[in-house]
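Following: one structure in structure tokens, then a few remarks.
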């Protein structure tokens, strides 16, 4: 397991790096005192979870010996790595001017420029022992996150999770949906008294819908549309793609089609989840 320690000058992108690491499955803690690193590692060791911790100028130890002692007390299951983010002085000044945030070392008697220089001196012991130093001066937020994924995972894309969810329009459109498809125009099993109490997960309902060409056409055209744009979506710094399929009540057509799409992309090796809002409400 990896214990990734993220440090660097304020404004260099530590928060961005921590979010990217969290997306990669790391358990992330912001600004944890160095002396607590061994305790955190021991807590996570039994759970087999890699961790990432940010350390800034406000919680660096008073002496390098304290940091070394904390590293020596880590459980053997963890491999510590120190990532140090930096940027040139003018870039840091510009970023602070753009965000209008206060530098951690700023005070009435210390200008932003002086605070940046002082911070650089205080962080030099960490910088000197870093396993990886990244200059973010010319990087965007997305480029930094992508670079970290490439270095740590060995591939350019992180795995996108495709979520197919069914819903009923009478209950409202899901607010987390990236795409919404309306299937209320398709043949409705609701009007068959035998099928009405069933759901799109039941075989008789599936057989009913499977008999209609327009259902097959809709599924084919929808999955073709998603396949066309999926490569770009996978490289667009997102963790989830939520596709919502809606019918009137969210019980028959939308459930069946959401499952069909989920099964198709799952068979193509994609990371897929499916959920059915109306059916979940009925269980509670």
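The backbone N, Cα and C atoms fix where each Cβ goes, glycine too.
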>> If you look at how Swiss-Prot annotates this chain, which of 247-265, 266-284 comes out as region 'RNA-binding'?
In response: 266-284
> the region 'RNA-binding' (266-284): which same-chain residues, six or more beyond its ends, come within Cβ distance under 8 Å?
Replying inline: 159-168, 171, 174, 199-201, 249-251, 254-255, 258-259
>> Counting other Cβ atoms within 10 Å of each residue's Cβ, which of the binding-site residues 10, 59 comes out lowest?
In response: 59
> Here are the binding-site residues: 9, 14, 58. Which has the lowest count of other Cβ atoms within 10 Å?
Replying inline: 58
> Cβ distance under 8 Å to residue 8 (ATP binding site), same chain, sequence separation 6 or more: which residues?
Replying inline: 14, 56, 83, 84, 85, 86, 123
> DSSP on residue 8 (ATP binding site), three-state: which is it?
Replying inline: strand
> To the nearest whole angstrom, what is the C-alpha distance linking residue 9 (ATP binding site) and residue 59 (GTP binding site)?
Replying inline: 13
